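Enquirer: Pulled the feature table from TrEMBL, pasting it below:
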BINDING   Gln10, Ala11, Gly12, Gly13, Lys14, Gly106, Thr107, Gly108, Glu138, Asn165, Asn183  GTP binding site
COMPBIAS  334-343  compositional bias 'Basic and acidic residues'
COMPBIAS  344-361  compositional bias 'Acidic residues'
DOMAIN    2-202  domain 'Tubulin/FtsZ GTPase'
REGION    334-361  region 'Disordered'
Amino acid sequence: MKTVLIGVGQAGGKLTRELVDFDDRMEFGAVLDAVAVNSAKADLQEIPFETVLVGQDRVKGHGVGGDNELGADVMQSDKTEVLSALDDSVSAEAEAIFVVAGLGGGTGSGGAPVLVKELKRIYDVPVYALGILPGRNEGAMYQVNAGRSLKTVAREADSLLLVDNDAFRSSGESLEQGFDAINRAIAQRVGLLFASGEAVEGVAESVVDSSEVINTLRSGGIAALGYAAAESAEDAEGNINTVMSTTRRALLTGTSLPEASKADSALLVIAGEPDTIPRKGVERARRWVEEETGSLQVRGGDFPLRSGRIASLILLGGVERSDRLEAFMQRAKDAVKEAKEAEEREDPADAWSNDELDDLI
Ligand SMILES: Nc1nc2c(ncn2[C@@H]2O[C@H](COP(=O)(O)OP(=O)(O)OP(=O)(O)O)[C@@H](O)[C@H]2O)c(=O)[nH]1
């Protein structure tokens, strides 16, 4: 799927950079172009592709400090510059646009929904978002920002592919220490998804096509991506059980949104040397994904790849009803409530109008 990437905010820019690197390293050529947008000048300095600084008149290049309403405002004010930077990037070849952002901060969280909405007005290709959910140990501000941003992006984008920072965290490591590793893990998975349908080696009927990715995401709402790989046997027969076990791991323990296994639609991509991909195993794995997700729309296809490994990549569309997402939305709502209570506590005047204390007479 020929894709144009727009990274918004710090996390968005860093993850976009990883995605560009992965696509280059693998020589897939699925990423057509990339642009990074930020209100913090320092975050743009390391970016090796086109950048746009927004909100300079309001925040003087220092970022919006986690204020996502300000993030939305500065994107709205400077959208013309951002859109004109994209003029040449979104060529006739482009099949999709991805806006990449951390949903917990200010610039990405506020800017991404505004940008997605504008892009949808202009371009005919699907406009997707790749959103990063804050880990459960991040502060209340991050949860509140992400709750509001998620709701808006999911409404505006053709689909929101969610990645939970907690899904990729290694034990004993702080979230910050782990960011580079998390970004690499996400870039590998999402990069393979972009490249699905790009590989032309060993062209066969079973090779996955970009349109299958687009059709899987057609139901809109929230999407997730699962992945697992294992050493490949030398022939297809020897890989029947391996395909089944990587598929199980990809869905049950390897998704970008843990515990999201019920879905409206799914796409199962098996990547590996074409003559080691077992038809029987792939069919069996696809039926298992149908049962497990409860979806009658499970597409499938191969991704021919020169590798000693065999991998299952599962794209899930319509995972809104997942427990993890419900838990996150509850976290965001609790954080809003706590913030309101703290605000009231700070104002001594409110002590007199406390509803929990009954009047004496
Ligand atoms: N996966 C991942 N998450 C990150 C990274 N950097 C920050 N985050 C997460 O993204 C959220 C913060 O968003 P940032 O992108 O840093 O903020 P911003 O959009 O630049 O906004 P401001 O700094 O407020 O201007 C937090 O939830 C972080 O946990 C990263 O490199 N990788």
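The backbone N, Cα and C atoms fix where each Cβ goes, glycine too.
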Enquirer: Using DSSP, how many residues of the compositional bias 'Basic and acidic residues' (334-343) fall into helix, strand and coil, respectively?
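Expert: Breakdown, helix to coil: 10 helix, 0 strand, 0 coil.
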Enquirer: Any idea of the Cα spread of the GTP site, Gln10, Ala11, Gly12, Gly13, Lys14, Gly106, Thr107, Gly108, Glu138, Asn165, Asn183, as a max distance in Å?
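Expert: Roughly 20 Å, rounded to the nearest whole number.
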Enquirer: Who sits close to Thr107 (GTP binding site): which same-chain residues at least 6 apart have their Cβ under 8 Å from its Cβ?
Expert: Val8, Gly9, Gln10, Val37, Asn38, Ser39, Ala40, Val54, Gly55, Gly63, Val64, Gly71, Val74, Met75
Enquirer: As a test of reading the model: what is the averaged pLDDT for the domain 'Tubulin/FtsZ GTPase' (2-202)?
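Expert: That region's mean pLDDT is 94.
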